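Here's the structure we're looking at; comments come further down.
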Amino acid sequence: MQHNRYLKWFAVAATVGMLLILLGGALVTKTDSGLGCGRNWPDCNGSLIPKEITPEVLIEFSHRLVTGVVSISILVLTVWTWRKLGHIREVKLLGFLAMFFLIAQALIGAAQVLWGQGDFILALHFGISLISFAAVLLLSMIVFEVDRKFDADNVFIGKKLRWHTIAVTIYSYLVVYTGALVRHTDSSLICPDWPFCYNETPLASPNNMYEWVQMGHRLAVLIIFIWIAYITWHAVKEYKNQRVVYYGWIIAFTIVFLQVIAGMLVVLTKLNLTVALMHSLLISLLFGLLCYMIMLVARSNYNEKMK
């Protein structure tokens, strides 16, 4: 029992650590601190520990340090869960995904520092980190036996909800990419108004690539908001007796609603840093929850085959 308690605490620490990596990367982008350590990696401006500390150096170096520490903790968590919970079907795959995509995002970050990358490649950085976070989050939920508390092992999801769950999760990744592209192309404030680029001329076409990027992201968000609202309505109507599905989609709709509000406030507050980081946090939580719903779909399929 004592070992299980330690594993739970460690899983929480690893999950929080992955969130810090995500938010740290967003902070690096939003403060334009990506070259705070110059074109040097893994050292910072020619030394292991930076000698001259500026805000940009502090942000970039801290992000690298957190990534290194969390990478080790996730490796430990992966091995630990493999040994203790390897009998649970998803554990080994989730551990592999967590490590693989964490290494991938670190390599993309290093490549950006050493050689520079295009905006469309850089936009993948956040999304790749997000997959690693989702894997660690699901591992933690398994460690805490969330499934047993909500009787998720016996869940049954109909074909309609299965299709919508898989499709909206894949689509959410596209939404994440468009949001990251907004950041990396410096298009966050290209449109001064909300919900249209210019509220005085709401039907006007975008004038340049940056407005297309910004308005394309807003359109993508509108679609996912309506989509998740519909799925939530369906889940509330048809799955009242399956708490994990019922409450899962209610939480998903709450998060996507808050995400839309945060996106609006990013524009209205002229890219306030706290609001912008909250925007990144909410999409991370939403994607993690959608991935959990995917795991429930997989379990439902397995339960159906075993009958």
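Cβ atoms are placed via backbone N, Cα and C, with glycine included.
Since the structure is predicted, the reported quantities are computational estimates derived from the model, not experimental observations.
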* Looking only at what Swiss-Prot records, are Lys8 and Tyr246 on the same side of the membrane? -> yes
* Which of these links to Cys191 by a disulfide bond in Swiss-Prot: Cys197, Cys291? -> Cys197
* To do: Please list, for the topological domain 'Extracellular' (183-218), how many residues fall into helix, strand and coil according to DSSP.
  => 12 helix, 0 strand, 24 coil
* Asked: How does the model score the topological domain 'Cytoplasmic' (1-8) in terms of mean pLDDT?
  -> 72
* Which of 57-77, 124-144, 162-182, 277-297 shares the most C-beta pairs under 8 angstroms with the transmembrane segment (93-113)? -> 124-144
* To do: Taking only the Cα atoms, work out how far Cys37 (disulfide bond) lies from Glu60 (active site), in Å, as a whole number.
  => 7
* Distant-in-sequence neighbours of the topological domain 'Cytoplasmic' (78-92), which means Cβ under 8 A and at least six residues beyond its ends -> 3-4, 7, 10-11, 98-99, 138-139, 142-143, 295, 298, 302
* Structure fact -> Whole-number Å distance separating the Cα atoms of Cys191 (disulfide bond) and His279 (heme b binding site) is 17
